[in-house]
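TrEMBL has this to say about the protein:
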- 37-154: domain 'MD-2-related lipid-recognition' (DOMAIN)
- 1-20: signal peptide (SIGNAL)
Amino acid sequence: MKTSNALLFILVLLYINASTEWPTHTVCKEDNLEIYYKSCDPQQDFALSIDRCSDITTHTFNIRAATVLSHSIKELYVKLDMIINGKTVLTYSETLCGPGHSKLVFCGMKKGEHFYYEGPVTLGIKEIPQGDYTLSVKLTNQDRVTVACADFTVKNYLDY
């Protein structure tokens, strides 16, 4: 009995290590708006949630986000690509942490620290584009190493 339990445990560990993708997580799902994400960082996943999809189109909404940092953050850059039918139609990038930029709660955090944020976020958008598309988001640090990345699937059928 002990041998079969040990063998089963080893097989589970091997399967987990052989897996190359993280699961798809639901950010929110309402009648006409659904948002999902999957980490594209092979080393780690992260947690992200909001209360209601409809909150995103308000000026400010509350989120909860958590991860254990695999890299320190002295400087942090975000790159966002909007992808429709496999083709990038919009690219946006910005410096989030660094000299001359506003100090965010995670700027200066060190590798191995647990990041947890619960509170308001302002995206500065008035509406979410309609349709089905992917938002690819990548955060890199001062060493150009990926701190976090995810592919968000957005399905928006809201009529503004």
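Cβ coordinates come from backbone N, Cα and C, glycine included.
Because TrEMBL annotations are produced automatically, they should be read as predictions rather than curated entries.
Since the structure is predicted, the reported quantities are computational estimates derived from the model, not experimental observations.
Here the domain 'MD-2-related lipid-recognition' (37-154) returns a mean pLDDT of 90 for the predicted model. Sorting each residue of the domain 'MD-2-related lipid-recognition' (37-154) by its DSSP state yields 5 helix, 63 strand, 50 coil.
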